[in-house]
Amino acid sequence: MPELPEVETVRRMLEVSVRGRTIASVRLSGAKLRSRIAPSLPSRLRRRRVTGVRRHGKYLLIDLDEDLTLLSHLGMSGRWLFSTDGRPAPLPHVHVRLAFADGSSLRFQDPRRFGMLRLVRRDRLWRDPSLAVLGPDPFASPPAGEWLHRLARGARVSVKNFLLDQRRLAGIGNIYASEILHRGRVDPRRRAGALGREEWNAVAAEIPRVLGEAIERMGTTFRSYRTLWNEPGGYGEKLLVYDRAGEPCRRCGTPIKRIVQGQRSTYFCPRCQGRKASRAPARS
């Protein structure tokens, strides 16, 4: 599933590509995504101008004139693809096509159909059920260690699953939770409520650092994620632990371990992320 860095990459490209363009027509496939796309969407989007593109967590907020916002979630395999060709080559699994007045187009492709599209009035946006339950965005507003320490007080879930809870922090997913905890030298199996202030300070310091580095490289591609211009993300080669089970830790050489937490893979270094982890520098 695309996480915050991937969605932020798409947001930045959308901002450059579609801001100021007017929607001339909308075509729907008729297939159901995570939730049903309203049949009225084409008529409500027609002649609307894109005024900006925002993001909160893993959600894209495509702002339109007339105080409307197109709320979008990429789900497991969704992606937006932009083309300046008036007749782009057909693609499978395209569920929405926005044709702009200048001949360019924006298509939403989603083979697994866990994505979501919904048009919301701007004054009701933050009361929308999808957004109302989300915590703060950890890249737009990086959390302080003290705040995380207070938030985790009494929490019995693992620190890894704590970071994945979108009600607490919106946007961190499986890849970057493993990377953040490795950088902060925290064992992902420990209870979130058992971490001390200094440990939360270490985690807090790594959150914007890891997310920012991933955004600079346009995110991470393992399977389906592509940018708006159909390019893969380049952060995969920089990952320290994720999807590296059995390979040597770049810091100490210990084989990376994989475990399952909450039906998701977690990767960590048993030595660097133990309770008495040293502060040895990472290997180049």
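Positions of Cβ are set from backbone N, Cα and C atoms, glycine also.
Unlike curated records, TrEMBL annotations are generated automatically.
Predicted, not measured: the structure shown is a model, and the values here were computed from it.
If you look up TrEMBL, you'll see 2-115 marked as domain 'Formamidopyrimidine-DNA glycosylase catalytic'. Annotated active site, schiff-base intermediate with DNA per TrEMBL: Pro2, in sequence order. The active site, proton donor annotation in TrEMBL covers Glu3, Lys58, Arg264. Under the heading DNA binding site, TrEMBL lists His93, Arg112. Per TrEMBL, the feature domain 'FPG-type' maps to 240-274.
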I need the CA-to-CA distance for Lys58 (active site, proton donor) versus Arg264 (active site, proton donor), whole Å please. 18
Outside the domain 'FPG-type' (240-274), at least 6 residues beyond either end, the same-chain residues with a Cβ under 8 Å of its Cβ set are 158, 160-161, 164, 174-175, 177-179, 181-183, 185-189, 220, 222, 280-283
Cβ neighbour count (10 Å, all chains) around Glu3 (active site, proton donor) is 23
List the Cα distance (Å, whole number) between Glu3 (active site, proton donor) and Arg112 (DNA binding site). 16
Per residue, counting other C-beta atoms within 10 angstroms of the C-beta, which of the recorded positions Lys58, His93 reaches the highest number? Lys58
Long-range same-chain neighbours of the residue listed as 'active site, schiff-base intermediate with DNA', Cβ under 8 Å, sequence gap at least 6? Val10, Lys58, Leu74, Gly78, Arg79, Gly219, Tyr225
DSSP assigns the residues of the domain 'Formamidopyrimidine-DNA glycosylase catalytic' (2-115) as 20 helix, 44 strand, 50 coil
What is the pLDDT of the domain 'Formamidopyrimidine-DNA glycosylase catalytic' (2-115) when averaged and given as a whole number? 96
Going by C-beta under 8 A and a gap of 6 or more residues, the same-chain neighbours of Arg112 (DNA binding site) are Gly75, Met76, Ser77
Three-class DSSP secondary structure - Arg264 (active site, proton donor): strand
